[in-house]
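Report on one structure; see the data block that follows.
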């Protein structure tokens, strides 16, 4: 039987904001599910969206798994740079798999409901792998900094123990951020609506729907944002400031070009990841349409992980040669 709160939310979805009083809270059961907005209500558009996102998901899986397989199977790529790249590919696959399969199933079944526990789980993994992506990009920037600014000590500094420690710390910090965020959301007992204006359980959307005072929660969220966003970006900026300063001091144009080319792929991925994320944030702040914001967020949740393998493979001769060797072994 549907509880009173769920019934009221169902009857007044999208046009009524309702929060229980202190007395009513005692007789109201927590909501059992949310409803995701999706990208379009046009039924004729659903098969196209299904085919498009299924194709993008398969390309993302195949591209990133191919990078992982290539790096792990070729001894020429057993270096710190490619170690971080394979971990980034694994994080990208996990990041996309957090949201995209659910959206594909929703399009096919025309059912956009997600359980309360399912929503929290999706949100936790979204924060975990999103933060992990960010921290791994920072570790890769540090690797490039050591390679260009301290080339004679590169092998000594970037030893396997340090590389493993950097990845371990990235996972540990990401878990901390995810659990800290979860602890904030679990305190939100009642919501103004069960409709989430997104195609997945976006953390900011849940906070916007909360009935309780979210001042303290917002402070915690800003702290989480600083850990997962500001600190990694600061580390990347500092690394590239040192890299550019070192390159400009090189006497030969050939040396400058070679040094810049080793950073080209990573810098492209950094600009794509943070640039699209910032673009989505700014567009959602300016646009009054939640659906436009949801469509824009596809760029960093789906498109960026899909393009990363192509960016690294197209600009990297070592990856290309390793892929050809792997292909010849397979055939």
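Yeah, the Cβs are placed from backbone N, Cα and C, and that goes for glycine too.
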Task: Which listed span Swiss-Prot calls transmembrane segment, if the choices are 21-40, 81-100, 141-160 - done: 81-100
Open item on the list: If you compare the topological domain names in Swiss-Prot, are residue 161 and residue 293 on one side of the membrane?
Closed with: no
TODO: Answer yes if the transmembrane segment (219-239) and the transmembrane segment (294-314) have at least three CB pairs under 8 Å among residue pairs 6 or more apart in sequence, and no otherwise.
DONE: no
Open item on the list: Over the span of the topological domain 'Extracellular' (288-293), how high is the average pLDDT in this prediction?
Closed with: 66
TODO: For the topological domain 'Cytoplasmic' (141-164), could you work out the same-chain residues 6 or more beyond its ends whose Cβ comes under 8 Å from its Cβ atoms?
DONE: 80-81, 83-84, 235-236, 239-240, 242-243, 246-247, 259, 262-263, 266, 270
TODO: Give residue numbers and ranges for long-range contacts of the topological domain 'Extracellular' (101-119): same chain, 6 or more residues beyond its ends, CB-CB under 8 A.
DONE: 30-39, 46, 49-50, 53-54, 57, 196, 199-201, 206
